[in-house]
Structure formats: structure tokens, C-alpha cells
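Below you'll find the structure, written out as C-alpha cells, and then a few comments.
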Amino acid sequence: RPTFWEIVRSKSTQEYSGLPYVCTLFNCMLWILYGMPFVKPHSMLIITINAAGCAIELVYTALYLSYATRAKMVKVLKMLGAVAVAFGLITLTTVKLADTHDERITVVGSVCVAVAIAMYISPLTVMKRVIQTRSVQYMPFLLSLFVFLNSLVWTFYAVVTRDIFIAIPNGLGCLSGIAQLSLYAIYRNSS
């Protein structure tokens, strides 16, 4: 991502937030759980893609932490701790309380929907800043583009597989991506 080239080059996270990276990491972790054979059998595609997403987000989060101020580092580490605890509780609850695949799909799928929606709306804080400052400096174009494209592909997948848990958040992700790209188009040449 160009964002991280800028962070590394300037040796500072500047005004970038760590929230989107932590949300995306949590989202990928949950979708891996959703695709596990004891939850939703025959979902290797979901596991594979989200494992790659976890690896990428771990690298981004590590880079972010290495250049963050102490206050930002503490905030992100607290978020990561909360993610670890929440993931453990969700996994434990699913394994211990949901007896059938359908129950596990419903439990994990519902959590995945909520977290994916949070991930897709996390750029709203940056979008607010874009409107206020009339600058897209802290809203990377490629991130917005890939939010849209990723959501679009998963929405089509959800339609084909008739998976409502994948359709809902990714449909909203498409809308979020469109909103981000629209703002980028409006403010890209503003000073």
C-alpha cells in the first residue's frame, strides 16, 4: 500500500488510524472460523483467502506499530488484545454451545456480519476528514478501490452460493467503496 510506503518513508503514522487494520484482521480471523469444517464444511476458499488477509493485516499492523507514537501504539495494542479475547470467546462459545452445523453457521455468521460491517464503515472517520479538509491525503485511493472490488466479488460469490452471511456485509462494503471512490473523485484535485 502507498500508505505504508509513506509511513516508512516519514517514520511516522502521521494522522493515519490503526483501526481499519485491526478491524480487517479481526474480520479475516472470524471468516476463517466461519469456513472451518466444524462450522461450515467445504469452505476452503473462504479459509484460504482470509488466511492471506490475516497475514497481510499482521504485516500492516506490525509496520503501523513500529512507527506509531506511544499513545497510538498503546491504543492499537489494546484493540488487538480485545480482538484476541473476543475471538477466543466466540470460538469457545461456538464449540461449546452450538451443537449443529446450522447453529454454528448462524452464530459465527452473525458475528462475521457485524464485524464486517464495522470494518466497512471504519473509513467513515477518514471520509469525514476528507470532507472537512477537502483533501484525500489520508484516504488512499488503492485502499478504497480494493474495498469496492473485494466487496463486489464476495457479493457475487454470496449470490451464487446463496450465503446471506456473506451477502449482507459485502453489499454494504460495495456501498462504502462507492462512497469512498466518489469522495476521492470529488476531492482528489483540491488543495
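Glycine is no exception: its Cβ is also placed from the backbone N, Cα and C atoms.
Bear in mind that TrEMBL entries carry predicted annotations, made automatically and left uncurated.
What TrEMBL records for this protein:
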type	residues	note
TRANSMEM	21-39	transmembrane segment
TRANSMEM	45-67	transmembrane segment
TRANSMEM	79-98	transmembrane segment
TRANSMEM	104-126	transmembrane segment
TRANSMEM	138-158	transmembrane segment
TRANSMEM	164-187	transmembrane segment
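The largest share of C-beta pairs under 8 angstroms with the transmembrane segment (79-98) comes from 21-39, of the ranges 21-39, 45-67, 104-126, 138-158. Sequence-distant contacts of the transmembrane segment (164-187) (same chain, at least 6 residues past either end, Cβ-Cβ under 8 Å): 34, 105, 109-110, 112-113, 116-117, 119-121, 123, 127, 130-131, 134-136, 139, 141, 144-145, 147-152, 154-155, 157-158.
Remote same-chain partners of the transmembrane segment (138-158), defined as residues 6 or more beyond its termini with a Cβ less than 8 Å from a stretch Cβ, comprise 1-3, 14-16, 20, 45, 120, 123, 126-127, 129-130, 164-167, 170-174, 176-178, 180-181, 183-184, 188.
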